[in-house]
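Summarising the annotation, TrEMBL assigns GTP binding site to B:11-18, B:36-40, B:58-61, B:122-125. Taken from TrEMBL, the feature Mg(2+) 1 binding site covers B:ASN22. Look at TrEMBL and you will find B:THR25, B:GLY26 tagged as Mg(2+) 2 binding site. Annotation comment: TrEMBL describes B:4-171 as domain 'FeoB-type G'. The transmembrane segment annotation in TrEMBL covers B:279-297, B:335-359, B:413-439, B:451-472, B:509-529, B:634-654, B:675-696.
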Amino acid sequence: MKLTIAHLQRGQRGIIKELIVDKIPLKLLEMGCLPGNLVELVQTAPFRDPMYLNINGSHLAIRKETALLIEIELI
Amino acid sequence: MGKQINVSLIGNPNTGKTSVFNQLTGLNQQVGNYPGITVEKKEGICKLPRGLKAHILDLPGTYSLNASSLDENVVIELLLNKNDRDFPDVAVVVSDVENLKRNLLLFTQIKDLEIPTILVINMADRMERKGISLDIGILEAKLNTKIALVSARKNTGIEELKELILNYRQISTEPCLHASIMDPEYFGRLRKAFPNQSLYKLWLVITQDVNFGNVNRHSLNDDNSFHTKSNSDLKRLQQKETILRYQFINGLLKEGLKIDLNSATDLRIRLDRILTHRVWGYVIFFMVLLIIFQAIYNWSSYPMDFIDSSFASLSEWTKNMMPAGPFTNLISEGIIPGLGGIVIFIPQIAFLFFFISLLEESGYMSRVVFLMDRIMRRFGLSGKSVVPLVSGTACAIPAVMAARNIENWKERLITILVVPFTTCSARLPVYLIIIALVIPDESFLGFNLQGLTLMLLYLLGFGTALVSAWILNKILKIKSKSYFVIEMPNYKLPMVKNVAINVVEKTKAFVLGAGKIILAISIILWVLASYGPGDNFNKAEEIVTSKHIANADSNLEQEIAAYKLEHSYIGILGKGIEPAVTPLGYDWKIGIAIVSSFAAREVFVGTLATIYSVGSDEEETIKNRMAAEVNPVLGGPLFTFASGISLLLFYAFAMQCMSTLAIVKKETNSWKWPILQLVIMSAFAYLVALIAFQVLK
């Protein structure tokens, strides 16, 4: 199974490896969600959805369905 | 020197762009709409040194030039259209010193349009606390621009910014990034096909769904001289563009920006631990709501009572001071109460916008959206629909306006359409009197039945809103990108100036917009109720007096008034609709009250008061009168459990508020949605009331 942002535990960090460009809003890429960047799970709402992330210094929340599309590598 | 410098303020949301705008223009600003769409257009005049003036346009916040909402379309459409009246002589990009990396992405895009571009680095007052130091010289050289280090909060750097705007001609228009490095081969072909256009502009025209002079996307795509790419290839290129831009920015910031992490203390982490907590987060949100409700109901009741009595005495005074006649009556009974009906909403609306802008300015609103998104999504709404639904319990008008914060058009439209179901304060007087009449004042399992009924009506309102949202979500086939990305901004102390300007502007918009319609309706109602055809109306006094001789003297005037009303145009109208309301258990008088309630629900009690010829507004007397009314068809009391419940349900569901319809028209820019609301909600209300009465009677 591929490891994605949706699998992060609170406080855990990873490096973005790959993302499914066609399905991810461009806005998310523009906010710094790009391969090679650092991502940390700050907080989750109940049912782990949405997820509150710190990507490359940008704080933002995305829905779980989007988080599942972003592959990461734990550090 | 009549020429003004056209300035466009551009920037990511949450960079304090509006604060900079407020500092530049002060109260010298106006808010309107862009033609044909509901995106807010804020513009103002800024006085520059040496007697010159700048026209400042505060463009909607955007993260990049790749538009994903109507608001963002406005930005690129303006920047691509040199012939637009507002096309900027100089663009000012506002950035936040703490999010410089992300903010610079937009800056590099604007710069590539070859418009003179100034970079404002805002929130400079936070630099020390966050351990940030900047090398402005290096940044200016690498970005090939001029930088103003500003703190809108502390009002520093604004004069320097004005100086830069004044000297905009000295700013280089050299782009940051040459688009062609994304894909030299593709852009080479593009260049050959359109030799005279800027490549980055062409690229935007290809990737965005906007018009650009006489070249549009389709004519480009149909051009055979170069092969266009598939959408997914284009998106890959856009990703590449973003990566290239970030590479450029990273290189730049490595030299120009230093952050000493040791001196950074993070309030955000500590606050977020509580405010977005899966238990405490909801508890705190609930308490915030409670405080807001309390404030809106309690605090605004004082100014509202004051306004109410002031307008009543003004009306009385006018009547006494001016010569008697229809013109005086129109002013004292039609126009002044009509104006009062507008002004009385101001306290609630102002308080509501005060709290909403506090929540927004502080950054807390994003946390609420985060907490509520999952729950609201089940109903086809967004986390951002919470604010309008909550506001709706005060008044649907500001609630519909508050839905502007929802970027996704479908979610926003559904929110606007279902908001009028929430129990607004205008329904309250109607509920109270009917409940007092038909629900026994007894307790059930320790709860007062009347209070329980009122609570059920509130829950019914919310429930209906959610269920109809769910249904609308299934029915409406509106394509709008349904992504959800929300920035969680830093917590900030709200700026008094921003909050004050926001409250004033929103309240003004309400008074001028919806106010005109309320005023018109109240004049029409007055005319219909004050005039009638034939002898029955015009000789009412004689007719009633002659009948009345036998009776005591006390209620003569009131009876004349009641008789007149029955034979006025509105009375005839009431009689006309009687067949329609009889199956619901009402008589013609309630019919009239319902018809006049379509101007505003709270008119109900007042109308019945007049019809039942009770001079005062005191509810107890009206209540006794109402209890004594006899059903003309069935005999027995008119207000029974069945007809009372039927009436309550009718008021819970019917769309009886002209001002809400007016504001929905304004916000959706179409008569289609308010008319649908009116027809469907009222038909549904009629049906439910009919079933309730027929089953219960």
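Cβ atoms are placed via backbone N, Cα and C, with glycine included.
TrEMBL entries are annotated by machine, without manual review.
Packing against the transmembrane segment (B:451-472) from elsewhere in the chain are residues 378-381, 385, 389, 392-393, 414-415, 417-419, 421-423, 427, 431-432, 435, 439, 444, 648, 652-653: each is 6 or more residues past its ends and has a CB under 8 Å from a CB in it. When the alpha carbons of B:MET123 (GTP binding site) and B:ASN22 (Mg(2+) 1 binding site) are compared, the span between them is 15 angstrom.
Nonlocal intrachain contacts for the transmembrane segment (B:675-696), taken as residues 6+ away from its ends with a CB within less than 8 angstroms of a stretch CB, comprise 417, 420-421, 583-585, 641-643, 645-647, 649-656, 661, 664.
Outside the transmembrane segment (B:634-654) by six or more residues, the chain places 421, 423, 427, 430-431, 434-435, 437-439, 453, 457, 460-461, 464, 584-587, 590, 594, 597, 601, 604, 626-628, 681-682, 684-686, 688-690, 692-693, 696-697 with a CB less than 8 A from a CB of the stretch. The Cβ of the residue listed as 'Mg(2+) 1 binding site' has 22 other Cβ atoms within 10 Å, all protein chains considered. Mean per-residue pLDDT, taken over the domain 'FeoB-type G' (B:4-171), amounts to 89. Contacts of B:LYS17 (GTP binding site) defined by a Cβ separation under 8 A and a same-chain sequence distance of 6+ are given as B:LEU9, B:ILE10, B:GLY11, B:ASP58, B:GLY61, B:VAL94, B:ASN122, in order along the sequence.
Cα-Cα distance from the residue listed as 'Mg(2+) 1 binding site' to B:ASN14 (GTP binding site): 14 Å (rounded to the nearest whole number). Considering only the binding-site residues B:GLY11, B:GLY26, B:PRO60, the Cβ with the fewest other Cβ atoms within 10 Å is that of B:GLY26. Sequence-distant contacts (6 or more apart, same chain, Cβ under 8 Å) of B:THR25 (Mg(2+) 2 binding site) comprise B:GLY44, B:ILE45, B:CYS46, B:ILE56. Rounded to the nearest whole angstrom, the C-alpha distance between B:GLU40 (GTP binding site) and B:GLY26 (Mg(2+) 2 binding site) is 18.
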